[in-house]
Amino acid sequence: MAQAVEEWYRQMPIITRSYLTAAVVTTVGCTLEIISPYHLYLNPKLVVQHYEIWRLVTNFLYFRKMDLDFLFHMFFLARYCKLLEENSFRGRTADFFYMLLFGATVLTGIVLIGGMIPYISETFARILFLSNSLTFMMVYVWSKHNPFIHMSFLGLFTFTAAYLPWVLLGFSILVGSSTWVDLLGMIAGHVYYFLEDVYPRMTGRRPLKTPSFIKALFADDNVVVARPPNAGLGAGARFGAMGADPQAQ
């Protein structure tokens with residue numbers, strides 16, 4: 001069992017493996033009280049006035065306490081991050097890293113701006129961690145790149161992957177969870193999808209071209225990961241019971 005887990009971990013592409021590792025280490029560290037979530041959450045005042053710049057990064061690494069929901073989120077993160085990196089961004093590690101950087105920037109900007117708008121500022125002030133939103137963004141982008149994969153929800157009904165974000169949003173409403181996390185991820189995902197995929201087809205210009213200094217960070221990355229035969233199988237959502245129809249491949 002341990003060997004299988006180690007092999008699964010080693011086969012992950014570099015960005016997925018790094019993000020998953022950082023998320024697990026951060027959450028475990030908080031659970032063991034080695035570090036405190038109070039030193040990690042997004043706080044604009046502390047960032048600007050006290051130069052606690054690390055909060056711009058650490059708020060994307062903490063997934064709350066370690067419980068069943070945490071395990072679902074880790075599976076969710078590992079699956080869709082891996083699917084994107086191995087397929088849509090196959091051989092383009094720098095572009096994938098830039099996508100995550102862009103998404104994190106958009107999410108942070110939305111929360112900061114929302115916190116300055118009357119009537120909704122209190123809602124945004126309660127958003128302390130954006131890790132789930134960034135994961136949801138990846139799900140949204142994946143669904144846009146794979147809209148025709150057939151999936152099922154708890155065996156109750158089937159749908160195509162294009163509707164996956166909306167199904168997850170509906171599930172959040174059903175169980176009484178805050179929908180803001182999902183909505184922010186959808187907004188960031190759609191902004192990226194429009195600027196990277198739709199706008200270039202309309203105008204011939206690509207506004208999100210990955211900067212050369214980011215490409216230089218991954219200049220030695222020549223590994224192209226082959227797509228696994230069941231890459232489209234299973235959505236593995238927070239409820240852990242969603243799967244794709246293999247006949248749709």
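Cβ coordinates are placed from backbone N, Cα and C, and glycine is handled just like the others.
Keep in mind that what you see is a predicted model, and the values were worked out from it rather than measured.
Annotated in Swiss-Prot:
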TOPO_DOM  1-21  topological domain 'Cytoplasmic'
TOPO_DOM  43-96  topological domain 'Lumenal'
TOPO_DOM  118-122  topological domain 'Cytoplasmic'
TOPO_DOM  144-152  topological domain 'Lumenal'
TOPO_DOM  174-249  topological domain 'Cytoplasmic'
TRANSMEM  22-42  transmembrane segment
TRANSMEM  97-117  transmembrane segment
TRANSMEM  123-143  transmembrane segment
TRANSMEM  153-173  transmembrane segment
Using a Cβ cut-off of under 8 Å, list the residues of the same chain at least 6 residues beyond the transmembrane segment (97-117) that approach it.
15, 19, 42, 44, 56, 60, 84, 89, 123-125, 127, 130, 133-134, 137-138, 141, 184-185, 187-189, 191-192, 196, 208, 210-211, 214, 217-218
Given a Cβ distance threshold of under 8 angstroms, which distant residues of the chain, six or more beyond its ends, lie next to the transmembrane segment (22-42)?
55-56, 58-59, 61-66, 70, 74, 77, 108, 111, 127-131
